[in-house]
């Protein structure tokens, strides 16, 4: 539709085969379902191969009279042929697997997780999916809530269904469509798998077995290291082993892999990886203005992905301020040689006092160091802080002149920091999808220039990427390069890097026997990890009760 009260939907027809999302046939129908009497529902417009018709009768008449350009589409086999995800190669040597030589180093009790210095509670919202509460490091709260708010896609096409598509996935249910996980692919085989429950479209909650996983992950690289061959000879390092909590939501054609990652240096990463099938339109006319040709009749349509998070940080207490640090070059005379000039970078500092100052438009320049500052200081006299570092390559936001833009106005901003209010719990609403012209929640209204110094603050973070589907998106899209999110990193929060107290640290000098276990724990691996664990039989409950 185009205004509040409209209840019309374009239905796009595809071949009913595996991976049907990339098998359009060129026929689309607009159904008017505004009446509460379903006998009054009717097709109010028809689209076929670039032409619009009043109804099916007009389409049939034009066909009989030979007035239609008919594009014959080859009938696809049941497995979808090119869209089939069945491997095209036989099995070979098994891929590497991770295991814990002495068992898990984390614990899960109900919805509480403990790992190294970390503790947190997790939950699954039926509409917004995975969320965390009461996140603590070394016993001190870092965040009250970290949660997904919305996943948005805006499509372009020269077909009506494609050009009018604006998916607000929270209304479909990121938690509702959380899918059971396949051990060994979706998560490590020996991860801890947790059942989740949701209540929607029924009077009883539904259980999805093994739809959330928790595991410790050796990233295969050092968190930090140094090899010294100057004066003293030594090696010091720490393996980058982090805890991951993950769920995967399959909403229609797309699969979103949602991760929260906890590092030993006190950093938290929120990350989403997109995979699944691209949405497509029937290729005709000037279709290549809106994407790339993926198969004989398949146009992979250009679209944006935006993901919004709520981050309620409590850094050293509830009352925080927002501070920006960055750099600027300054010209100065060399003190030891005044006739010479030196260009040197210096630190710039600014306290962002109001919500308007703390609202950074999507493509605008934002300070490279921006952090929640506590009222307390560390040993060196700096305000203790947690920095927000966003990883994003977002496309453009829909023009604000659009009649529906206010429903997704959170996507105007890569970062907006507001006062925490009980009446502003979420950046959007599940009702915004079907009536975006009179949105139930308009995030832009949250930003009203209130003072944010020494207040309970919330950061609203938007990350995203532009997707122009290409031939390598067949049979479907890979996660590589399609990952966005943000990091929360301690910034003068501690007096030194807390990971120095990790039991995983390695240090030895040229004068020590680094083959001895008591000197170097890596020397113990041949003995400590000499036996493979007992792998439980493979199970999967994803096809039950479907």
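Cβ coordinates are placed from backbone N, Cα and C, and glycine is handled just like the others.
TrEMBL does not curate its annotations; it predicts them automatically.
Taken from TrEMBL, the feature domain 'Copper amine oxidase N3-terminal' applies to 3-50. When pLDDT is averaged over the domain 'Copper amine oxidase N3-terminal' (3-50), the result is 97.
Summarising the annotation, TrEMBL assigns domain 'Copper amine oxidase catalytic' to 98-500.
Listed in sequence order, 150, 151, 152, 153, 249, 251, 254, 256 are the same-chain residues at least 6 apart in sequence whose CB falls under 8 Å from the CB of residue 169 (active site, proton acceptor). Feature annotation from TrEMBL assigns active site, proton acceptor to 169.
Residues or ranges marked as 2',4',5'-topaquinone by TrEMBL: 254.
For residue 254 (2',4',5'-topaquinone), the Cβ neighbour count at a 10 Å cut-off comes to 23, with all displayed protein chains included. The active site, schiff-base intermediate with substrate annotation in TrEMBL covers 254.
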